[in-house]
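K.L.:
Before I ask anything, here is the structure I am working with.
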Amino acid sequence: MEESVNQMQPLNEKQIANSQDGYVWQVTDMNRLHRFLCFGSEGGTYYIKEQKLGLENAEALIRLIEDGRGCEVIQEIKSFSQEGRTTKQEPMLFALAICSQCSDISTKQAAFKAVSEVCRIPTHLFTFIQFKKDLKESMKCGMWGRALRKAIADWYNEKGGMALALAVTKYKQRNGWSHKDLLRLSHLKPSSEGLAIVTKYITKGWKEVHELYKEKALSVETEKLLKYLEAVEKVKRTRDELEVIHLIEEHRLVREHLLTNHLKSKEVWKALLQEMPLTALLRNLGKMTANSVLEPGNSEVSLVCEKLCNEKLLKKARIHPFHILIALETYKTGHGLRGKLKWRPDEEILKALDAAFYKTFKTVEPTGKRFLLAVDVSASMNQRVLGSILNASTVAAAMCMVVTRTEKDSYVVAFSDEMVPCPVTTDMTLQQVLMAMSQIPAGGTDCSLPMIWAQKTNTPADVFIVFTDNETFAGGVHPAIALREYRKKMDIPAKLIVCGMTSNGFTIADPDDRGMLDMCGFDTGALDVIRNFTLDMI
């Protein structure tokens with residue numbers, strides 16, 4: 001545990017003296033950039049609903065480039081990308097597009113060099129190109145210069161033939177851009193035979209590739225690549241169910257390779273299920289039950305249950321308890337969010353999802369910080385959370401369980417007529433936690449109370465998290481003041497996160513205090529935001 005720091009000394013280089021001679025956790029432009037890369041906004045609020053990206057969202061990023069720190073910005077973009085610290089890819093790709101079109105030469109060069117690292121799949125590359133097109137007018141610059149052509153050519157040339165074939169046949173186009181467009185505009189010269197085959201396939205089609213290579217002596221690699229491309233073409237033209245299944249099994253074709261018609265076949269889905277990644281499996285449980293791929297007692301149900309209960313698979317796919325909970329609640333309802341698809345939930349799968357929920361707690365990495373969670377227990381917490389199928393009390397209970405089970409030092413309290421302890425222990429089930437919360441008489445949600453209570457009771461906490469619906473009433477003391485008082489009294493650089501889970505917008509966080517964050521709604525991205533914020537990465 002870090003030693004506590006006197007409030008009168010800077011907590012780290014990120015703190016600057018304020019006029020009262022105390023220390024406020026100042027937000028620097030680099031912090032603002034980190035927030036933008038993580039969730040698309042430089043401010044202190046995480047919104048679930050999609051925010052439109054424009055230059056006005058990235059003022060700190062532009063200031064950093066103007067201050068000669070553009071190469072540092074590129075380094076941060078690469079770090080966020082490699083370490084998977086972003087809730088969505090768009091802000092990071094937008095930032096890279098800005099850097100690649102700015103007037104600073106070294107920033108520009110570093111941005112183009114980073115394209116292959118940051119744009120890991122074709123979808124990212126297409127999105128990056130579209131952002132460049134969107135920015136062309138406002139940044140008053142050209143687009144298709146030599147540097148971009150080289151960056152695109154390198155993106156294709158750095159991949160092996162087989163890897164590129166997999167990528168271009170799975171992710172064909174996005175935002176109006178296709179591989180054919182990019183190859184035409186970049187004047188690519190393939191660096192290997194494998195790449196020459198794939199690029200010819202993209203620009204001229206399978207027929208020409210087949211004609212060119214049918215008489216040639218082929219290496220094992222080339223033969224494998226041609227067979228794969230042939231399978232991708234064959235599957236597009238066949239209506240024979242058995243042939244589709246054979247091609248899926250032999251060449252590991254995925255859903256994106258198939259026609260809509262193929263997906264009406266139960267047997268085709270059974271073939272896809274064999275190699276289906278866990279995230280796709282969780283997404284498709286309802287669909288596969290609705291179309292009778294999963295029927296009580298069949299071998300497919302056994303396979304699904306086996307995958308869901310495999311701790312190694314859960315860890316490898318980085319499945320969080322929250323992901324499982326969403327899948328479980330969605331599956332349990334027996335219909336899709338828009339209500340068209342309907343199914344009868346399978347009992348064995350429900351049991352497996354329930355077991356997986358508890359297994360995935362082991363895959364969550366502790367942060368090593370001290371947490372104080374304050375939960376709103378009012379009846380309005382039964383409302384549906386923005387961005388989720390879950391209600392607010394279920395999200396709050398699940399998050400209390402995650403923290404209690406993974407962090408050594410945590411405390412849960414509830415808003416009653418005063419702050420009261422809410423007993424959440426590591427051996428409790430979700431139902432037991434919800435029951436414990438429902439038995440506490442509800443009081444008003446005054447977001448300053450957790451800090452006031454912790455100060456009174458001398459409870460040390462690095463991070464306060466308030467879980468409420470949209471009641472973020474501030475009492476006589478503003479939460480920002482209560483937090484600063486707590487920091488001063490306890491000598492702890494504490495942070496505050498307020499999750500207004502059914503709220504479209506509220507403002508509690510002081511935008512100039514780096515240790516405060518508001519969250520409107522709650523989704524799987526919110527988990528990354530909380531983790532990054534706790535660990536000082538944003």
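In case you wondered, yes, glycine gets a Cβ from its N, Cα and C as well.
Quick paste from Swiss-Prot:
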MOD_RES   Met1  N-acetylmethionine
MOD_RES   Ser4  phosphoserine
DOMAIN    16-369  domain 'TROVE'
MOD_RES   Ser19  phosphoserine
REGION    120-284  region 'RNA-binding'
MOD_RES   Lys224  N6-acetyllysine
MOD_RES   Lys359  N6-acetyllysine
REGION    361-538  region 'VWFA-like domain'
BINDING   Ser378, Ser380, Thr445  divalent metal cation binding site
K.L.:
Measuring Cα to Cα, how far is Lys359 (N6-acetyllysine) from Ser378 (divalent metal cation binding site) in Å?
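P.N.:
Here the two Cα atoms lie 30 Å apart.
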K.L.:
Select one residue from Ser378, Ser380, Thr445: among these binding-site residues, choose the one with the most other Cβ atoms within 10 Å of its Cβ.
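P.N.:
Selected residue: Thr445.
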K.L.:
Within a 10 Å radius of its Cβ, which of these modified residues (Lys224, Lys359) has the fewest neighbouring Cβ atoms?
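P.N.:
Counting other Cβ atoms within 10 Å of each of the modified residues Lys224, Lys359 gives the minimum at Lys224.
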K.L.:
In whole Å, note down how far the CA of Lys224 (N6-acetyllysine) lies from the CA of Ser380 (divalent metal cation binding site).
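P.N.:
Distance between the two Cα atoms comes out at 59 Å.
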K.L.:
At the Cα level, what's the spacing in Å between Thr445 (divalent metal cation binding site) and Lys224 (N6-acetyllysine), rounded?
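P.N.:
Cα-Cα distance, Thr445 (divalent metal cation binding site) to Lys224 (N6-acetyllysine): 63 Å.
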K.L.:
Using DSSP and collapsing to three states, where does Lys224 (N6-acetyllysine) fall: helix, strand or coil?
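P.N.:
DSSP assigns Lys224 (N6-acetyllysine) to helix.
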K.L.:
What Cα-Cα separation, expressed in whole Å, is found between Lys224 (N6-acetyllysine) and Ser378 (divalent metal cation binding site)?
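P.N.:
Cα-Cα distance, Lys224 (N6-acetyllysine) to Ser378 (divalent metal cation binding site): 62 Å.
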K.L.:
What kind of secondary structure is Ser378 (divalent metal cation binding site) part of, going by DSSP in three states?
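P.N.:
Note: Ser378 (divalent metal cation binding site) is coil by DSSP, not helix or strand.
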K.L.:
On the 0 to 100 pLDDT scale, where does the domain 'TROVE' (16-369) sit on average?
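P.N.:
That stretch averages a pLDDT of 91.
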K.L.:
Check Lys359 (N6-acetyllysine) against DSSP and tell me helix, strand or coil, would you?
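P.N.:
Once the DSSP labels are grouped into three classes, Lys359 (N6-acetyllysine) ends up as helix.
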